[in-house]
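Undergrad: What follows is a single structure, and I will ask about it in a moment.
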């Protein structure tokens, strides 16, 4: 047996050596991907954690990344380095008592480790910014989930929105995230879908009234559509505000991304 171990050990070590690189910390400033043969639009993707009930809606983030990749964009992912409002046990839909998580650390799961603190995001280095939904947008990027129309927006999120808007660079938001633009950008036009629940198809339809109360204009759109506010260069789509098949949500996000990229002029 000793002889067998002597023979096997070096071979095992050699076999595992190529895998070791996957355990190294990736460069935080590296783009997640760059699929264009020539420089395309540089897009900042802002996450709010990992998981629909207390962070980023993962399917939305993935759909955005797929459509950005297809559009030849270079993507860099950001998230605020702050504690989550709370942690939800996604098997029960209930808060996990005595547990806390960090928004940046959780968002890194979606970014495959390639993530940067939102405090380092400078609009001058990017052509557009996109915010996926998930309750993290209403809990970690703002207090909308608790305070509704009287909500406050995270100071770094507010800064980023104002910087991109001031520079006339496009901003994309989906699902519940349009409330961020409604709060920060005066008179902006956004959509979160329909304004009536319609038998449960639009369970969060009441959000439209809160958006109006914030001084924004709500525009009714279907789940596969995106609304483009040409004046403010803000593009929104309902995504998971609608109870529907995943491919419809994917298509709506595709419409949002397409319009954002077109507005960059790249």
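Numbering starts at 1 and runs along the chain as it is shown here.
Every residue gets a Cβ built from N, Cα and C, even glycine.
Pulled from Swiss-Prot, these are the listed features:
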TRANSIT   1-39  transit peptide
MOD_RES   149  N6-acetyllysine
MOD_RES   155  N6-acetyllysine
MOD_RES   162  N6-acetyllysine
MOD_RES   201  N6-acetyllysine
MOD_RES   201  N6-succinyllysine
MOD_RES   217  N6-acetyllysine
MOD_RES   221  N6-acetyllysine
MOD_RES   221  N6-succinyllysine
MOD_RES   231  N6-acetyllysine
MOD_RES   231  N6-succinyllysine
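For each listed feature, how buried is it and what is near it?
TA: Within 10 Å of the C-beta of residue 149 (N6-acetyllysine) we count 15 further C-beta atoms, all protein chains included.
Counting every protein chain shown, the number of other Cβ atoms lying within 10 Å of the Cβ of residue 155 (N6-acetyllysine) is 12. For the recorded site, residue 155 (N6-acetyllysine), the DSSP three-state label reads helix.
Long-range neighbours of residue 162 (N6-acetyllysine) (same chain, six or more residues apart, CB within less than 8 Å of its CB): 184, 185.
In the shown protein chains, 14 other C-beta atoms lie within 10 A of the C-beta of residue 201 (N6-acetyllysine).
Sequence-distant neighbours of residue 217 (N6-acetyllysine) (same chain, six or more apart, CB under 8 Å from its CB) are 187, 188, 189, 190, listed in sequence order.
According to its DSSP assignment, residue 221 (N6-acetyllysine) is coil.
If you take the C-beta of residue 221 (N6-acetyllysine) and look for same-chain residues 6 or more apart in sequence within under 8 angstroms, you find 191, 193, 227, 236, 237, 238.
Cβ neighbour count for residue 231 (N6-acetyllysine): 10 (other Cβ atoms within 10 Å of its Cβ, all protein chains included). When secondary structure is read from DSSP and collapsed to three states, residue 231 (N6-acetyllysine) falls in the coil class.
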